[in-house]
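Following: one structure in structure tokens, then a few remarks.
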Amino acid sequence: MLRYTLVNMPKKFKGENSKASEARARKAAVQHAAQAKREQELEDEYWKDEDKHVQKKQQRKDEKEKKKNELLERKQQLKQLHDEEMSALPGKASARPSKLTRAQVEANVKKMEEASKAAKKEEDLTHIEKPLEENVNVIQVEGVEARSVEDAIAALSTNDTETVERHPERRVKAAYAAYEEENLPRLKQENPNMRLSQLKQMLKKDWQKSPQNPLNQRSLAYNAKAS
């Protein structure tokens with residue numbers, strides 16, 4: 001009788017399921033892409049406020065340049081008109097046309113003077129409306145260089161008192177610009193995760209209570225006199 005000997009055959013090695021592996025890889029890729037997108041959105045949101053300030057600043061600069069070019073073109077047109085009238089004077093032989101031309105020239109000269117006055121007024125207005133530059137180390141206050149809040153207020157204080165009272169907004173703007181230049185870097189360092197608009201809101205609140213604010217200085221001086 002034949003006997004059969006059972007031999008334990010090794011179990012077949014089962015490798016990792018390729019479909020499950022591919023599914024996990026796809027899931028990880030989707031998660032990674034979503035995380036990268038979120039980080040990019042946060043970064044874009046962080047810089048959005050800064051971009052708005054830059055765009056507004058560039059827009060004001062373009063408008064000022066446009067006004068300047070229009071003013072220059074107007075002056076050139078008036079000069080050309082005046083030159084044409086002056087060149088026409090020697091060609092007139094009769095007395096009556098000569099008188100008429102002289103009257104025209106005088107009228108044109110008057111127009112030029114009026115246009116020059118209007119242009120000067122427009123230039124002065126443009127200078128007053130010029131926005132304060134951000135992130136500067138030197139501030140011009142009525143022709144005087146000021147490098148801190150104290151310097152700005154001191155420079156303004158040395159001007160004629162009547163002039164300062166006539167334009168109090170200049171004093172406040174100059175003092176705030178110096179205050180911002182001095183304290184904004186500190187706030188950025190203390191709050192690195194805050195946006196620029198949030199930092200400026202915080203700075204504005206501090207400014208309203210700061211003794212460096214000229215408006216607060218007036219209140220302090222008034223209270224001191226009252227007491």
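These residue numbers are counts, starting from 1, taken along the chain as shown.
Glycine is treated like the rest: Cβ placed from N, Cα and C.
Some features that TrEMBL has for this protein:
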| type | residues | note |
| --- | --- | --- |
| DNA_BIND | 169-227 | DNA-binding region |
| COMPBIAS | 13-25 | compositional bias 'Basic and acidic residues' |
| COMPBIAS | 60-85 | compositional bias 'Basic and acidic residues' |
| COMPBIAS | 190-200 | compositional bias 'Polar residues' |
| COMPBIAS | 209-227 | compositional bias 'Polar residues' |
| DOMAIN | 169-227 | domain 'HMG box' |
| REGION | 1-101 | region 'Disordered' |
| REGION | 183-227 | region 'Disordered' |
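With DSSP classes pooled into helix, strand and coil, the tally for the compositional bias 'Polar residues' (190-200) is 6 helix, 0 strand, 5 coil. Sorting the compositional bias 'Basic and acidic residues' (60-85) by DSSP state (H, G, I as helix; E, B as strand; all else coil) yields 26 helix, 0 strand, 0 coil.
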